[in-house]
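Asks: Here TrEMBL flags 4-118 as domain 'Tetrahydrofolate dehydrogenase/cyclohydrolase catalytic'. The domain 'Tetrahydrofolate dehydrogenase/cyclohydrolase NAD(P)-binding' feature in TrEMBL is assigned to 137-278. Per TrEMBL, NADP(+) binding site is recorded for Gly163, Arg164, Ser165.
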Amino acid sequence: MTLIDGKALADKMAIALKDKVDALKAKGVTPGLVVVLVGENPASQVYVRNKERRALTAGFKSEIIRLSEETSEKDLLALIDQLNQDSQWHGILVQLPLPAHISEEKVLLAIDPEKDVDGFHPTNMGLLWSGSPVMMPSTPAGIMVMLDEYGVDIAGKTALVIGRSNIVGKPMAQMLLDRHATVTIAHSRTKNLAEVAKQADILVVAIGMGNFVTADFVKPGAVVIDVGMNRDENGKLIGDVKFDEVEPIASLITPVPGGVGPMTITMLMEQTYETAKRTLGK
Ligand code: GUN
């Protein structure tokens, strides 16, 4: 069996989380997650609805604040300031991407680092890179939980992360490094990518190009993690890895859908719970 079943693991963790949330509520704290969505990006609409649904299922208080595409940067910053002060919200998440007239950097900087459950604030990024993480980006955090659940030995292994985004590639590299992997980050300008990839014991692919990684990229027995969420010409959800070709070569592989995606939301919920728990006794 080579499949890493992210959906099953997410379901298992959701049941355990509900119990932890009930216990916290009994002590008078209900975890609160507020999601801010600016504009009409169809993929973002789906993501934020899923986040809200999962938060409510876990027993959280949760709300989506929907703002029009024309919202000014100033108004968005004022809203964030208000949410920072509002003690019912333990986690604040501003869905990305933002409309072009709003600076993502300014918005992420405005979120109180203690409520930044995405782990995108420079303070939280810095804490992660210095080896003392508090808030971690959910997608790579979920991948680490999957690797551990499936008993993947990380120390001393060669890991390649394809993609260098702040959301996935960079924090992923740091989390693997922290667990003593020998880590390389590859990207669109990397030369001989297939050859580089073929050295990797652990291959994490987050480039956003459907079926990009084929059999010739993969070392026999490698662990392959597919972060891709692409649509093919028929609108079907496909990963960055050509699954049918790679699955027979890999020792473990995540499917799309049902792999990384469900665990991303799980980690967001876990992190919001942990953040709420830290307010106990404050
Ligand atoms: N857009 C795509 N992925 C994410 C994420 O993990 N968090 C936020 N806020 N926006 C995203």
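Including glycine, each Cβ sits where the backbone N, Cα and C put it.
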Asks: When the domain 'Tetrahydrofolate dehydrogenase/cyclohydrolase NAD(P)-binding' (137-278) is classified with DSSP, how many of its residues are helical, how many are strand and how many are coil?
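Replies: Reading the DSSP string over the domain 'Tetrahydrofolate dehydrogenase/cyclohydrolase NAD(P)-binding' (137-278) gives 53 helix, 26 strand, 63 coil.
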Asks: Please work out the number of neighbouring Cβ atoms within 10 Å of the Cβ of Ser165 (NADP(+) binding site), leaving out its own Cβ.
Replies: 16
Asks: Inside 10 Å of the Cβ of Gly163 (NADP(+) binding site), count up the other Cβ atoms and send me the figure.
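Replies: Result for Gly163 (NADP(+) binding site): 23 other Cβ atoms within 10 Å.
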Asks: For the NADP(+) site (Gly163, Arg164, Ser165), what does the 8 A shell look like? I mean other same-chain residues with CB within 8 A of the CB centroid.
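Replies: In sequence order, the nearby non-listed residues are Val161, Ile162, Asn166, Ile167, Val168, Gly169, Lys170, Ile185, His187, Ala206, Ile207.
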Asks: In this predicted model, what is the average pLDDT of the domain 'Tetrahydrofolate dehydrogenase/cyclohydrolase NAD(P)-binding' (137-278)?
Replies: 97
Asks: CB neighbours of Arg164 (NADP(+) binding site) within 10 A?
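Replies: A 10 Å sphere around the Cβ of Arg164 (NADP(+) binding site) contains 18 other Cβ atoms.
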Asks: How many of the residues that make up the domain 'Tetrahydrofolate dehydrogenase/cyclohydrolase catalytic' (4-118) does DSSP mark as helix, as strand and as coil?
Replies: 60 helix, 18 strand, 37 coil
